[in-house]
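Everything on this sheet refers to the single structure shown next.
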């Protein structure tokens, strides 16, 4: 258990029981405290919604178990009771009490993602950060990035310089054999602006405008051209020199591949570095050895005479060549980088127009705005005071995230509070979005200086013994090949896991050659897939079900390749691709129907709709070609007539609908897409409802939104389906599977190095660092760049090794690895990708290596019952016997009380008058109000926001806090309806229904008194009575 003022790090390798340990420590703090509200002082942070929900669920599950009548038999409770020196009975009572308090005050149960915690800070400090008090958070960032790029394109032809730069970017793409469509590249550029990895460097570039960048661009292109021309001039002088002296290229040592060939290549735009042979020959003190043995001996004296000039030309060329990669590297990126500020301006305009913040900019905003705030002040403003901090998956924390959390951590360490970090640097696979595993490694390495206790979780509870033994041995051997000592230590000491009591287990490695001359039309990918299929069949013959097999892959492209092959070979499969909404036939028909109805000129959609609908309905049109021709050039009436002939009435499509949801539901009903339960249709309707809540009824806009989202929207896999599961390695993190197969374990070669920033020290450029696309020969430029490349290279290798580690540690009982067999002549084994890890440890010539016996050790699972589909019914809402409307619950109440309560509820979301329509629309869609009530409710709400005494306090430029939780001195929560803040001044509004009461005055004074103790200066207090008329009373 954490002791007062303790900072502990748990190093938790794969399968070591990280979540169990975290939950146990959480419960230790929770139940060692007699106060049932102790959970309010604990903050637990993780990095995904899934992980946060799992942690919450595990904590609540344990509390439920501890609260059961048979608590005395619970081993976890007994162990915790013994550790805390509290009787089991007392633990039981405390658990029941805490569980009730959490469930009744769930919003105070602070287990969340770091993004949600950051949002709390942003809301609390909106005014300090210069934000609107009612800003929205944009989760769908790419959609906004795409809009910003479209805005840039709209300026083509109007802004001459911008047009020129965009054309140059397109031309660069074509020169690199890429598409001329640069929109995707610009969206990636926009994404980089909000990536923690690039924030510091990009901030330095933001001071340069497009005109300045254009001048830098000219300088870079000019310098690159000058250096290439200088090399060509050198080559020309060399050719002229030897020609004038009657010497040919073949007269030099090594002939055409010797020094003459080195210079000649320059004239063909090949500026390759000199080889070791070139360097050896040119440095020869005996010019005779510089001459070919086949050359006429009479040339020895001639070559000896011109040798000093050749040497000088060579050294001059080498000097230029050392600088050239720097300028070439910058030239490849400066065109696209020059546009980055224009992209940001476009994004900023959209954000301002839509009153949104991107979720990815939270860290940056908080870092710049809150670092100067005392941590105690931060706590007061968010209404909480935390004493215990848990940070899960710490290896994925970015530098900026950690810096933002440090004020809270330092405050905790200054008192008796506790901090616990849990993670495993070997499982850090998110560097591309800011994850910094070195951060955790440094804390562990310096734990004694920093007074941090480090505890390793020693045992692997997941895998069978042979899988544990394989991973221990395999990764410890790899550790010897890593160049950085910290990485060596991480993989050597971090792969010494103790075994559990699960015996046996099986590991199989298949080595597959990239080329095989003995087989005609041999294809490496095909060979891997054939072996994969054989492995699946072998596993199935051992008694495993298909749903116990998971295939992991490193890229979406490979996942698609695997899925197509297995489907072709009739292997049932569940993958992210197969679960996508857009891939369901019914959803595709709906999409095409909507496009057809919303635009009668869209002949392509009309044709595809009829073809797909005909296929789905088992060829209902006898002559499909004739049917399409009959409506193609006609208006929508012709389509209605055609479908009506075959029993499909779409007249609803030409009549008004209550909402988009209503229209979609009718489409499903009248096109008879509603048969047996279809999870795809259910999910699609949920998506339509969610969209309708925050968007107007406009099908064209909806279809644009759907187009931007459909590649990501998928249903959850159905329970009980006996099918192989296919997923990316990244998605598998934190999960486990009975059998894991890893085909194409060969990623990470030098072709895939990421972009990186290099230091710049050149008077021709104002930058101190710049982004380049590849290493090339940059390590030859200077020692500083060489050191940076080495660092980046080692990080790249670690990231690829970490991904391999995650993949090979998911297996419980059997692990199959399919990799490339190849010989590496490179002394650095790690340069050729992860396949070389396997090749270096298993002898050449063996096509298969196994550890353990290929038999099932576990008991076969009972065959799962496949969940029976429920009928998906879709019927006009007007005909339903029971209408689900909240308004019906209010019929028996007096009208003024009903409206008062309803207005009170809706005013929670009103920050200024412009919010009225949005809030009323949301209430209408959710069924809280009826259309007939809308205008009357709106008028009453307008009476509030425009009331002479209140109007100034609903100004959109003021910061307001609605229904925000605060704590009084006794730890009790109070929640004023509305606070309006102006600096440190505060005005309180509380809404009431019914008649006046002294209790109302006492309550608002109680709010004022406690807020004043928190440092607020209370200027005014208003009670707003909502009845037939709006009455406002100021409380003195």
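Using the three backbone atoms N, Cα and C, a Cβ is placed for every residue, glycine included.
Whatever TrEMBL says is automated annotation, not expert-curated.
Quick look at what TrEMBL annotates:
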{"type": "DOMAIN", "residues": "1-464", "note": "domain 'UvrD-like helicase ATP-binding'"}
{"type": "BINDING", "residues": "12, 13, 14, 15, 16, 17, 18, 19", "note": "ATP binding site"}
{"type": "DOMAIN", "residues": "465-734", "note": "domain 'UvrD-like helicase C-terminal'"}
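Around the Cβ of residue 13 (ATP binding site), the number of neighbouring Cβ atoms within 10 Å comes to 25. Report note: the ATP site is defined by 12, 13, 14, 15, 16, 17, 18, 19, and the residues of the same chain whose CB lies within 8 Å of the CB centroid of those residues, excluding them, are 21, 424, 457, 460, 461, 462.
Comparing local CB density within 10 A for the binding-site residues 15, 17, the maximum falls on 15. Every protein chain considered, the tally of other Cβ atoms within 10 Å of the Cβ of residue 12 (ATP binding site) stands at 26. Shown in sequence order, 424, 457, 458, 459, 460, 461, 497 are the residues of the chain, 6+ apart in sequence, with a C-beta less than 8 angstroms from the C-beta of residue 16 (ATP binding site). Counting every protein chain shown, the number of other Cβ atoms lying within 10 Å of the Cβ of residue 18 (ATP binding site) is 21. Per-site Cβ counts within 10 Å over the binding-site residues 14, 19 peak at 14.
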